[in-house]
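Taken from TrEMBL as is:
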type     : residues                        : note
BINDING  : 30-37, 147-150, VAL176, 184-187 : ATP binding site
ACT_SITE : HIS37                           : active site, proton donor
BINDING  : GLN61                           : beta-alanine binding site
BINDING  : GLN61, GLN153                   : (R)-pantoate binding site
Amino acid sequence: MIEINTIKEMKQWVLSRKKEGQTVGFVPTMGFLHEGHLSLVKKAKSESDVVIMSVFVNPLQFGEGEDFEEYPRNKHRDEDLAKDHGVDVLFYPDAKEMYPGPMSVSMKVHHGVDVLCGASRPGHFDGVATVVMKLFQITDPDKAFFGMKDAQQVAVIQNMVRDFHLDVDVVPVDIVREEDGLAKSSRNVNLSESERKEAHHLSKTLNQAKVEVVEGRISTSKALEAWTRKELAQRITGKLDYVQVLRFPDLMELTDLQGKIILAVAVFYDRARIIDNITWEIGKGEFNHVS
C-alpha cells in the first residue's frame, strides 16, 4: 500500500492504472476505521482491480455546534487497517489540499434533504455532495462503495451521479453491526458505558417494527412511526431526533406501506448522535437494500 497526500499525485496514479486497463474501486471515509469501512474494502476488492480509500474529515458537512472537533481520529491506526485489508492507495489529504481557498462553486442538494438527517442538519448534504464530487473528480473511480448505515447519503450520491451524468457506479453495502446489533460507527466510541448498553435497542426496535408490518398489525407509515417512537421512548434515555418512514431510494413520503421503504431513526446522546435504519420491500418479507 502507498499513501498519497496530494491531488496531483493521486490523479497521476489513477491515470497510470487506467492506461493499463485496470478498474478502480473507491471507498470514501472520514477515518477512524471500523469493520463497516472494511466491509466496503472487501466488496471493492471483489469488484475492482485496484482499491483507493480516502480518509478526510470534511469540515463542510459539519454544521455549527456539531461534532467536528469531537470526531475521532487515529491516522496510524487507519494506515495499519487499510494496509492489512488490501487497500492499494490510501488518499490522505489535509483540508488545505482539498479546500485551498474559498470555493466559488459548490454543490446544492435540492431533493431528499428536508427529511431524516437533513431536517436537523441544514447544509450537511451540500457538504457531503461537494466533497464526494471533488473526490470522484480526483480518483475517477469505476465503482464507489458506500455503507447503507448512511442510507440518505447513498440516495443523495446516487441522485448526484444521475443528475450530473457521472461515469461511476454507486454500490450500496449492507450495514455491519456489533454482536448486540448496534450499527458500527466511528462515533460509537463517544458513547458512555450506560449509553452503549442501551444503544442496541435502536436495531432491535427497527427489526421488531418490521415484524409488526410483515405480520399485518401495522399498515400505514404514520402508525409505523408512532409504534417505533413509543417503543424507543420506553427503551432508551437518549433524545430522539427523528423516526421516519419514507419510500426508498427517492425518500418521498408515503401513506400506505407498499413497495420499497426505509424506516430510519436518529438519537442524540451526550457526545454522539447515533443513526440506524432498516430497508425492505413490503410483501416480500425480506430485506432488500436497493441500489
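Any Cβ shown, glycine's included, is placed from N, Cα and C.
Quick caveat, the model's predicted, so the values are computed rather than measured.
All features noted in TrEMBL, drawn onto the structure.
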residue : record                    : CB count, 10 Å
MET30   : ATP binding site          : 17
LEU33   : ATP binding site          : 24
GLY36   : ATP binding site          : 21
HIS37   : active site, proton donor : 27
GLN61   : beta-alanine binding site : 21
MET148  : ATP binding site          : 23
GLN153  : (R)-pantoate binding site : 22
VAL176  : ATP binding site          : 18
SER186  : ATP binding site          : 20
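In this structure, the residue listed as 'active site, proton donor' is part of a helix by DSSP. Rounded to a whole value, the Cα-Cα separation of MET148 (ATP binding site) and HIS37 (active site, proton donor) is 11 Å. For the pair SER186 (ATP binding site) and HIS37 (active site, proton donor), the Cα-Cα distance reads 10 Å. When the alpha carbons of GLY36 (ATP binding site) and GLN61 (beta-alanine binding site) are compared, the span between them is 20 angstrom.
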